[in-house]
Amino acid sequence: MPLLEVQNLTVEFPTRRGVLRALDGISFDINAGEVLGVVGESGAGKSLTGAAIIGLLEPPGRVAGGQILLNGSRIDNLSRDKLRPIRGKQIGAIFQDPLTTLNPLYSVGRQLVETIQTHLKLSDRDARERAVQWLEEVGIPAARQRIDAYPHEFSGGMRQRVVIALALCAEPRLVIADEPTTALDVSIQAQIIALLRGLTRDHGTSVMLVTHDMGVIAETADRVAVMYAGRIAEIGPVRDVVKHPAHPYTEGLMGSIPSLEHRVERLRQIDGAMPRLTAIPRGCAFNPRCPKVFDRCRNDRPELMEAGVTRAACWLYARGAAHV
Amino acid sequence: MFAFITSRILQAIPVLLVVGFIAFALFAYVGDPVTIMLGQDYTAAQREELVRALGLDQPFIVQYAKFVWAAVHGNFGLSYRLARPVSQLILERLPATIELAVTAAALALLVGVPMGVYTGIRRNSPTSRLFMVFSLIGVSLPTFLIGILLILFFAVLLGWLPSFGRGDVVHLSHWTTGLLTVSGLKALILPAITLGMFQMTLIMRLVRSEMLEVLRSDYIKFARARGLSERSINFGHALKNTLVPVITIVGLQLGGLVAFSIVTETVFQWPGMGLLLVQSIGVADIPVMSAYLLLVAVLFVAINLIVDLLYYAVDPRLRLDRRSMTGGK
């Protein structure tokens with residue numbers, strides 16, 4: 001049984017001008033110990049998926065359909081009180097900007113100890129000891145001396161290490177990392193990703209890694225889900241999605257990444273822009289920009305279907321659709 | 001820290017000199033103390049003698065220096081009206097005003113902050129809406145009207161509480177207190193509510209808007225994502241982050257409570273400094289007025305210093321230079 005199952009998840013935002021459907025029936029699994037990368041353009045719904053899983057959708061956003069199962073039991077319909085022991089202990093979260101995710105008025109030690117004691121029955125002394133261990137584990141030099149320092153006394157990269165320690169300190173089974181390196185210097189990004197990958201591997205933690213950096217995904221993830229306009233366009237093992245993309249959108253995405261192996265005069269680009277949520281076209285959401293579009297794409301919406309090793313939401317693979 | 005306090009006190013000196021100058025200018029240009037003191041019939045010789053005795057024939061700057069020198073020693077001259085030292089008059093009236101202001105401030109904080117937190121968290125609950133309507137009334141109704149309405153209901157119609165005065169007071173050496181007698185406490189209730197009402201509703205609205213702001217922040221979202229309890233998030237992480245702006249406003253407001261309790265003291269005939277000031281203004285008793293002016297200035301300077309120190313206590317980011325000098329912790 002997969003650790004996390006997301007089935008047909010739909011997230012809507014009621015607005016004055018009608019209901020916006022930000023996530024439209026997305027389904028995927030994450031297995032124990034697995035790293036699932038989630039890529040897509042801004043506004044494709046990547047971060048929203050993570051927020052929905054951990055129950056932190058900003059109102060008025062709400063789960064309008066589908067379900068989310070953790071270890072086979074539903075967590076999308078839990079009350080706030082029932083959800084609290086799951087957050088941090090079962091599912092951890094790492095956010096984008098380490099400069100704003102730490103409370104500026106509490107020392108990092110205090111934030112760690114509070115989180116540890118919320119989930120584990122430990123005395124003040126043991127919790128503090130555990131906090132020091134975590135700071136050492138995420139690579140804070142002189143952790144024992146630095147534990148009473150405040151967030152502003154750390155650099156951005158160091159703060160993100162503290163954030164990772166905070167997200168992992170109650171040993172969650174799954175951690176949702178929402179663009180954990182976007183706000184960092186390029187030189188630090190690789191370190192943080194390596195740290196995250198190493199720690200989660202050591203602790204057997206599954207990761208849902210949300211990013212728009214295909215390079216990070218290619219290095220880190222086992223499988224990847226490509227999102228487009230609130231839907232999953234393609235999902236499959238990283239190697240196959242990168243080398244042999246099935247969905248024309250994924251193909252375009254891969255073509256737009258510079259590579260050392262293949263020298264090209266000019267990187268390919270996908271014409272047009274992702275549609276806004278208010279104006280998602282009928283049929284396949286990608287059809288106005290798709291180079292391989294045909295009639296069916298403009299009328300019927302494709303579900304995920306077998307496309308070689310990966311699964312893609314594209315009518316090009318409709319012959320295999322019979323058994324899906 | 002010591003250097004900081006010293007520099008703040010040094011900065012306060014020019015402020016007080018300027019206020020002192022204005023207070024002194026009152027003496028020099030508002031009314032003529034000689035005429036007031038001599039009464040209706042006097043000879044030119046008598047006048048000249050008094051002018052010399054009062055030192056009014058000396059150059060302006062010398063007079064100002066003398067005034068400052070006397071003020072530093074707590075000597076503000078004699079009240080024209082009561083012919084007693086002004087410092088003594090103010091010291092007699094000070095306890096009543098301080099007790100009233102502190103009670104009003106405590107009321108405003110102890111009720112205003114929790115109401116602000118509550119309305120910040122449960123933005124749309126009926127209770128929150130009720131609080132918001134109530135706060136609108138508190139912010140917009142003038143103090144004297146609130147006082148008069150309270151007197152009408154609780155003193156006149158219901159007869160529960162006295163409508164004026166301070167009740168029985170107990171003398172503790174130089175301090176007279178109304179907090180130790182039942183009638184003193186009863187007499188304190190209505191004026192304290194009247195004086196504290198505006199501050200309470202202001203604090204509530206301020207805390208609410210700051211809470212709304214902070215609750216949207218990433219670190220609160222991250223705290224939620226770590227499964228911390230609602231109590232810890234709302235009253236620890238969120239409330240503490242609202243404190244810096246709240247302290248600023250509350251500090252200034254508390255200064256205002258002491259300085260401008262004039263209206264409340266007049267409505268309730270509360271024997272404090274405010275009432276003294278109003279009575280003094282009525283008869284142009286300038287020494288009392290200028291001493292009051294200086295006292296208020298000192299009060300504001302002192303409160304600002306305390307507010308600055310509280311910033312340091314609340315926000316570790318401001319302690320940065322001190323920490324880096326000692327090399328981390």
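Glycine residues also receive a Cβ, built from the backbone N, Cα and C atoms like all the rest.
Since the structure is predicted, the reported quantities are computational estimates derived from the model, not experimental observations.
According to TrEMBL, the protein has these features:
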DOMAIN    B:94-311  domain 'ABC transmembrane type-1'
TRANSMEM  B:12-30  transmembrane segment
TRANSMEM  B:96-118  transmembrane segment
TRANSMEM  B:130-158  transmembrane segment
TRANSMEM  B:178-198  transmembrane segment
TRANSMEM  B:243-270  transmembrane segment
TRANSMEM  B:290-314  transmembrane segment
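Sequence-distant residue pairs (6 or more apart) of the transmembrane segment (B:243-270) and the transmembrane segment (B:96-118) include at least 3 whose Cβ atoms are under 8 Å, placing the two stretches in contact. Within its own chain, the transmembrane segment (B:12-30) has Cβ neighbours under 8 Å at 60, 63-64, 67-68, 71, 284, 286-287, 289-291, 293-294, 297-298, 301, 305, counting only residues six or more beyond its boundaries.
Within its own chain, the transmembrane segment (B:130-158) is flanked in space by residues 115, 118-119, 189-191, 193-195, 197-198, 200-202, 204-205, 263-264, 266-268, which lie at least six positions past its ends and keep a Cβ under 8 Å from the stretch.
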